[in-house]
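Lifted from Swiss-Prot, the feature list:
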type	residues	note
DOMAIN	5-145	domain 'Clp R'
REGION	8-72	region 'Repeat 1'
REGION	84-145	region 'Repeat 2'
REGION	157-338	region 'NBD1'
BINDING	G204, E205, P206, G207, V208, G209, K210, T211	ATP 1 binding site
COILED	389-523	coiled coil
BINDING	G608, P609, T610, G611, V612, G613, K614, T615	ATP 2 binding site
REGION	770-860	region 'C-terminal'
Amino acid sequence: MKFVPSEFSNSAWDIFILSKEIAQNNFQQNIDSENILLALIKQDLLTSKILKKNCVNIRKIETKLTSLLDAKAKMKNKQKTLFIGETTEKVFLKANDLRVSFNDVVISTEHILYGLSYDEICSELVLNTKKIPEFLELLNKMKSESTINDNFESSNETLDKFGIDLTKSARDGILDPVIGRDEEIRRTIQILSRRTKNNPVLIGEPGVGKTAIVEGLAQRIVNGDVPSSLNNRQLISIDMGSLIAGAKYRGEFEERIKNVLKKVKSSEGKIILFIDEIHTVVGAGATGGSLDASNLLKPMLARGELRCIGATTINEHKQNIEKDPALERRFQKIKINAPSVDDTISILRGLREKYEVHHSVRISDNALVAAASLSERYINDRFLPDKAIDLIDEAASRLNMIITSKPEEIDEIDRKVLQLEMENLSLQRESDNFSLERLKRINNELHDLKIRQSELNHQWQKEKEEIDEISNLKEEIESTQLKIEQAKRSFDLNKAAELEFGTLISLQKKLKIKSENLVDSFKSGEKNLLRQEVNFDDIAEVVSKWTSIPVNNLNQSEKEKLLKLELTLKEKIIGQNNAICAVSDSIKRSRTGLNDPNRPIASFLFLGPTGVGKTELSKVIAKTIFDSNSSITRLDMSEYMEKHSVSKIIGAPPGYLGFESGGQLTEAVRKNPYSLILLDEIEKAHKDVLDVLLQVLDDGIITDGQGRTISFKNSIIVLTSNLGSQSINDLSIRNEDKNEIKNIVNVELKKFFKPEFLNRLDEIIIFQNLELNELKDIAKLQLKKLENRLIKKDLNFQITDEAIDHLVKNSFDNSYGARPLKRIIQKEIETKIANNILNNNYLNKKEVYISIKDGCIFVN
């Protein structure tokens, strides 16, 4: 007989190749029947199923075969070329005889198993010749079809290999409980019970719970909580990616799909398919003119021979399924909306026990409420309940990691002990009095530390054991509850009653006592090394990590920082007290959670002449509040003077160049939502750009070119403008009242900006012209920065009051603000110091002294 791929099915040829590898790894010269049987057991699902039905212990066979192969004679090296053993040839001849009798085209795995039953050694392990009639009868029953071509894989094997039995998972307690969603599950059951077109498709955003609804249906089928038309049905989830993967030859993928469909059809409605991401069936496997999966599904879907549940997102349904009306009409749409915050809290309460058992922690109710509410407010690019569940999962995982790791206090003592022991070894070599005295002190300190170390380690182990005991009890309770459900389903009521009213109650009492003892130890005021409960702060910490937004409760240092915020800003920004008060008040409202959650933290329009501190105040706010200079997004609005500049802000629309890049403003906020947005010189932007900002200022959101909703609800928006600066200058010179200045500037604003734009701003702040004494304070700030730069170069810096007055008088100009002062400091001081450094004038005396000499700045 020929041993070539064309004579075998794919799975049978894979078995032959694997048996060859087993023989090579065992340093054999021949491929024997034992190698074939071991390969079958390891790889073939149908063989495993047949052997299990024949009451054969597969693990024992595998162990016996391994020992038989180890006992065989071995070559010195692995053999590249192997011979077909006599026993193997007999096996394949018998397999071929069965193929002929079944009218199959190629040899498949079940034929090989039949051939092995005639082998002297293998027949003792699996099937002896007396059981061959039973085997043939079993094979006829299990085979739903004959092998029809060289790409045959039985439908049983295909379903087992590429499908997951959700009803079995529900029976085994693997699936999470499904809370709520009764209306959606009822609608799904209603469509499945139709005579034709009984195929629901669940459509919703990612993470709203489409797959969970199908899992809920599987649990209802197992519990018998469904109409008679769905009782005792199998719900099998098919993975389209796995079906396509590995289909090397043309037609192989279609064959796999056909095998699945024929198995479903032959089950006479007992099997319901679930295809997650059902949009993947459109075009799947369509290469070189072959049919795609959707065209293979359509006939059976229309006739009602196949009951299929699909799940996909709104966008994917629109892009793929709606393009094929023939496929779309065969499915009935069920819209799945994201649950409300209250519904999400109920879902989390239902899942709490599963996560507590998995992570060996306790999850408080306020943590569940925080996960739902904080995720809804701060995580805007994902959907409930998925994002809330992820928060709980990560917070519990983080706490579990802390529990299983060494506590920080013990770790610090361990490091200190190691450091002192090294110092001790070093000092033992010394003989002077100082070293001996130091050695004595170290030994005393080491003695105290080791006692403390031992006490803490004992306490840590004790607390850890208590937590582990509670965790083990929860696992036992979960396992007992599963056994009770299984006993009730199999009508073993005696066992169910014994478990429910005996074992379960006993375990619950033990858990209650242990939990109360642990809670009492926390309440007693004892200092505990470990914490077992996930609380609000844990959830807030995870949200902060994800979004960079501080949402945790304010600690004392942060409260002090916010209370002193106004003073801090006044130290860095001179002469603009009204602006500073307005900004600090807005930030205090936001950080204490009193601001409107549906608007930006604050939106300001800074007006005033050039050089009075509009942009500088924005930079100082970003540095002070967000603790980073990178938390400011600055857009120079003179770059947005054309009408088409709108696309630069929010991103180009589909079909235009740069669509994938996104907008300059929207992308910056999407990546860093907790930041300050500075739109400099807003009056220079095109009117259409201002119209785009209306929604941002009012609702705190904007839709970018790619259709994503970008949230500005955690941003401070600052717009600066020079409008009315000439009026402010003229009126300031005449010492006009501030209210008069404000009224005149407002008139100019209304001429330029639309009323709906001005009405959406929180505050319009007018920056006043700088007075001479204020400019002197600014000069001191600038010189302090210079001093800090010189200190890094080991140079001391001093300047006389006369020199400062000289700088201020020579740079004072109402029209230009503080910028001329910066220029004169650069020209008169920094340039001269730079020349002195280059001339090595500071090698001996590391001091820079600035004074006035002959009416000019003199750098000594």
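Including glycine, each Cβ sits where the backbone N, Cα and C put it.
Feature annotations (Swiss-Prot) mapped to structure.
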| residue | record | DSSP (3 states) |
| --- | --- | --- |
| G204 | ATP 1 binding site | coil |
| G209 | ATP 1 binding site | coil |
| G608 | ATP 2 binding site | coil |
| G613 | ATP 2 binding site | coil |
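Counting residues per DSSP class in helix, strand and coil order gives 51 helix, 15 strand, 25 coil for the region 'C-terminal' (770-860). Residue density at T615 (ATP 2 binding site): 18 other Cβ atoms are found within 10 A of its Cβ, drawing on all protein chains shown. Within 10 Å of its Cβ, the residue among the binding-site residues G204, P206, G207, G608 with the fewest other Cβ atoms is P206. Residues F606, E616, T720, F767, G817, A818 surround the recorded ATP 2 site, their Cβ atoms falling within 8 Å of the Cβ centroid of G608, P609, T610, G611, V612, G613, K614, T615, which are themselves excluded.
Of the chain residues outside the ATP 1 site list G204, E205, P206, G207, V208, G209, K210, T211, A311, T313, I336, A338, F383, D386 have their Cβ within 8 Å of the site's Cβ mean position. In this structure, of the binding-site residues K210, K614, the smallest number of CB atoms within 10 A of the CB marks K210. Distances between the Cα of P206 (ATP 1 binding site) and those of the binding-site residues G611, K614, T615 are shortest for T615. Fewest other C-beta atoms within 10 Å: among the binding-site residues V208, V612, that description fits V208. Checked against G613 (ATP 2 binding site), the binding-site residues G207, G209, T211 differ in C-alpha distance, with G207 being the nearest. In this structure, the CA atom of G611 (ATP 2 binding site) is 50 Å away from the CA atom of G207 (ATP 1 binding site). Ranked by CA distance from G207 (ATP 1 binding site), the binding-site residues G608, P609, V612, K614 have K614 at the top as the closest.
A straight line from the CA of P609 (ATP 2 binding site) to the CA of G209 (ATP 1 binding site) spans 55 Å.
Counting in whole angstrom, K614 (ATP 2 binding site) lies 50 from K210 (ATP 1 binding site) by their C-alpha atoms. Cβ neighbour counts within 10 Å, taken over all protein chains shown, single out G613 as the most crowded of the binding-site residues P609, G613. The number of other Cβ atoms within 10 Å of the Cβ belonging to G611 (ATP 2 binding site), over all protein chains shown, comes to 22.
Of all the binding-site residues in the list G608, T610, V612, T615, the shortest Cα-Cα distance to V208 (ATP 1 binding site) is found for T615.
Looking only at Cα atoms, K210 (ATP 1 binding site) sits nearest to T615 among the binding-site residues G608, T610, V612, T615. Taking the C-alpha atom of T211 (ATP 1 binding site) as reference, the shortest distance to any of the binding-site residues G608, T610, V612, T615 belongs to T615.
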